[in-house]
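Features of the protein shown, as given by TrEMBL:
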BINDING   K224  ATP binding site
COMPBIAS  54-64  compositional bias 'Low complexity'
COMPBIAS  450-475  compositional bias 'Basic residues'
COMPBIAS  481-490  compositional bias 'Low complexity'
COMPBIAS  498-526  compositional bias 'Low complexity'
COMPBIAS  534-544  compositional bias 'Low complexity'
DOMAIN    82-171  domain 'SH2'
DOMAIN    191-469  domain 'Protein kinase'
REGION    1-69  region 'Disordered'
REGION    440-552  region 'Disordered'
Amino acid sequence: MSLTISEGDDTIECVRHDPGDESIDGTNGGDGGCGDSEHGGQSTQLSDGGGNSSGSTNSVTSSGKENPEEEYIRNHLKYYTWYHGMMFGNIAASLLRYDNSYLVRRACTRDEKFLCISLRTGGKKAPKIYHYTLSWTTDDGWTCPKLFDKFPQIPRQRYEHIVEIINNWSHRFPNIVPIARRSMVVLHESINLERFLGRGAFGEVFKAKFTAAGATQPIEVAVKRTAGDAKRSAIQEFCHEASIQAVLQHENVVAFHGIASLEEPIMVVMELVTGGDLEKYLQKTPNVSKEQLIYFALNIACGMRHLARQRVIHRDLAARNCLITKDLKVKISDFGMSRRLSKGVQDFIEKKIKQAPIRWMAPESLLKGVFNEKTDVWSYGVVVAEMMTRCAHKPLYGFNKKEAQDHIKNNPFPHRVTAEKGDPKELAPIVDACCCQKKSEDRQRNTTLGRKKSRDGRSKTRSSKRKFLSFRRRQKELQLPTGMTTTTPGKPSPSPQESPAAAAPTVLPATGSSALPTTTTTTTDIPTPPTETPPTQSATAPSTQLQSPTSK
């Protein structure tokens, strides 16, 4: 098979190995997506009809009109903790860990968006995940035909609200388990956009104020927001990046505060880093001291070590993706290309790579499409080389993309030429150790940052076991000035500003009226949208009776 790598207008064909059945986050398909069918998981079945049955008015429109389904979610559905917002099928399957557990979510295919109920049945021996489409019509109200077929005891009547279906279902089948949404999901009301900062491939970036659940004062944050009527690819990109950032808590990694995915537009809330990226900083400040550059290198290494501990492969580590704080600390950012490996999986193999950062890639990535912690070590060496030249040019300046690729594959130390021209010279051995044409297993053990001095003064290599190594001893060897210290890699910063908020979302009162007609039914009374946080049912010991959002 061949690996296609494209960067700009150049497309390069490479030879690669068959990836087999290796997966990310426990799913086949690499990026955590669900392929063309939207739903993933075990023995998944999707009910017929999609989100828009005959007479439905809940299709996503590209006009300026308010989407009735969106308005219903905003005014009613988001206040129930079993509603998880926009979510793909494989993620729903991973949350349904108990037999007869369920959740309500908004699904997204290439053609439409619709509400559905995801349910796990079949016991431990043969678990199955079913996805039952919910649809609205003016004549019939909310219906879920496939759910009614599987549970005929549920009355087939007009339902003005989805909670009526849930209540009737739970009253007749008290063993069903509602799964509460994750704490990383925040409400749109907690975010106040202030200033537009920029635009990317999938959305826009704003400076904003964010009030975490239980907090009395807002904090300044950066918010990435989907633009317009977001397609599946953009939503998938946002959700994937949020799932990666949610597991990373380190002072040298941009902090993640949450994702607002209950309604659209979807927003990812992150730490606001005001110093710009490392590339531009070094270009504007070429006279930065040797000690400061070494400190930057330590910061990045500590952050990358934390990623390795969390089994996260960055895949796009470069000076442009490292941000500088006001106090001149480096934080790793931009996890759009990142992947998290399942336990026991050591490599991620991608068949097609679009917009590949060729000049920062390891030879095994160019040849075979293989990405792992060792390829991140290679990229780290390239970043160190960038810093040594103050980012005056791209790595391997003077080579076109095809020549750069050949140089990386055929030269034993492809980035030595850059390091030799740079400063400080103390960092040059790190570039050679990280970017060497030896086996990837040996690459990391040879890194200068991983060495310690033996009693006889000779250099002794520490065993890495596929981890970024400790840099406390090396910090002393490099003689950093007083005040330039790094915390133990892998430990989160004690400062509350450096760690993401992990509290449950604050529920605010709804305003406006539903776009869907409401009438009184004989099945259950529909409560007024609450003004306080709804109770969260425990996933480990769930209640058998579904509570309304205002009940205690």
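We count from 1, first residue shown onward.
Positions of Cβ are set from backbone N, Cα and C atoms, glycine also.
Long-range neighbours of K224 (ATP binding site) (same chain, six or more residues apart, CB within less than 8 Å of its CB): G200, G203, E204, V205, F238, E241, M267, V268, M270. Within the model, the domain 'Protein kinase' (191-469) shows a mean pLDDT value of 86, rounded to a whole number. Residue counts for the domain 'SH2' (82-171) under DSSP, split into helix (H, G, I), strand (E, B) and coil, are 23 helix, 35 strand, 32 coil.
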